[in-house]
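These notes are about the structure you will find just below.
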Amino acid sequence: MNIPQSVIWEKGAIQLLDQRKLPHVTEYVTLDTVPAVFDAIQSLAVRGAPAIGIAAAFGVALSAMSHPTGDIDELKEQVLIDSGYLSQSRPTAVNLFWALNRMNDAVTRAVTADELRESVVAEALAIQKEDEDVCRSIGEHALPLFKDGDRVMTICNAGSIATAKYGTALAPFFLSKERGLQLSVFACETRPVFQGARLTTWELMQAGVDVTLITDSMAAHTMKTKNITAVITGADRVAANGDSANKIGTFGLAVLAKSFGIPFYIAAPLSTFDLDTPNGDAIPIEERNPAEITEVNGMRIAPEGIAVFNPAFDVAPADLITGIITEKGIVKPNEQAIAKLFA
Ligand SMILES: CSC[C@H]1O[C@H](OP(=O)(O)O)[C@H](O)[C@@H]1O
């Protein structure tokens, strides 16, 4: 089974699958500078909370290799400045800050310049390998939620290319093929940049998973007429009380799932939880370029001068979430249960 990876560390540089060009062009580009990593994250060449964190982590490794000084204090200062720059690339996915904090700790612990350069590469590779193991574990915990013939809706792309490998929300579907379980996925196209239409369909079709594409506006009618048995999505930040930020449109699916009496699951690694964010109202919601809405493939579809509101995320409140699937198991979306994950 072909399960693609979007971020590969090779010969001291990042080989990045440019997700903006999928599904028609499968192109890996080489990133070997911090600004190139920043631009790749901000432009969604690399996207998906864990993948953003992994790319930024390798960005810190590139920083350490780009400053030739042998003075450890000077090198630490320069690399931490670059890390701070990378932290400004996107505001919502907490994995970016979680990964950079881990990298900053590795920088701070280093005693010599050579040790710093070695340790940041090792730490970034460790973050990537851990995420791959975590995502497979999320898939293992998610799979028993589904039975043969189930029809599951998802939005955006929380697949292998949004993580180190396997994905979060899509992980059970990849594993279902290995286990002979027949699941059908209904993928919302995910306006405005079509992560569902371009990426989720591409990943699942390559893996031989049954997938049907719908527009976001078809979600309610599809739940009503296609016997959807569950909804599963990824997350970009889970607040301490279980409120979960994810791609715009997720909140609406949670409301619809409640209305239709079907379970709504969030799949997220512990690296996506942020105990310092008390609830969903405190999660920063990225607003992106209006052109993402007024243009499709560079062709303008809305009148010049139209006002645009383009929030990239919304928040599913904890009371609409059936369970949050993590590498440690499925947790109820409440403060006590979440706190136990980190105890
Ligand atoms: C496995 S995290 C995937 C998560 O990230 C996506 O956002 P974006 O495409 O803007 O990076 C989306 O919210 C997915 O659910």
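From the backbone N, Cα and C atoms, a Cβ is placed for every residue, glycine too.
Feature list (source: TrEMBL):
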BINDING   Arg47, Gly48, Ala49, Arg90, Gln195, Asn246, Lys247  substrate binding site
SITE      Cys156  site 'Transition state stabilizer'
ACT_SITE  Asp236  active site, proton donor
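Taking the centre of the Cβ atoms of Arg47, Gly48, Ala49, Arg90, Gln195, Asn246, Lys247 as the substrate site, the nearby residues of that chain (Cβ within 8 Å, site residues left out) are Ile52, Ala93, Cys156, Asn157, Ala158, Ala162, Gly234, Asp236, Ala312, Phe313. Proximity of the recorded positions (Arg90, Cys156, Lys247) to ligand 1: a Cβ under 6 Å from the molecule is found for Cys156, Lys247.
According to DSSP, Gln195 (substrate binding site) is assigned to a helical segment.
The Cβ of Arg47 has fewer other Cβ atoms within 10 Å than any other of the recorded positions Arg47, Cys156, Asn246.
Here nothing among the recorded positions Arg47, Arg90, Asp236 falls inside 10 Å of the CA of Cys156 (site 'Transition state stabilizer').
Take the binding-site residues Gly48, Arg90: by the count of other Cβ atoms within 10 Å of each Cβ, the lowest one is Arg90.
Rounded to a whole number, the C-alpha distance linking Arg47 (substrate binding site) with Asp236 (active site, proton donor) is 11 angstrom. Counted within 10 Å of its Cβ, the other Cβ atoms near Asp236 (active site, proton donor) come to 32, all protein chains included. Note on Lys247 (substrate binding site): other Cβ atoms within 10 Å of its Cβ, all shown chains, come to 27.
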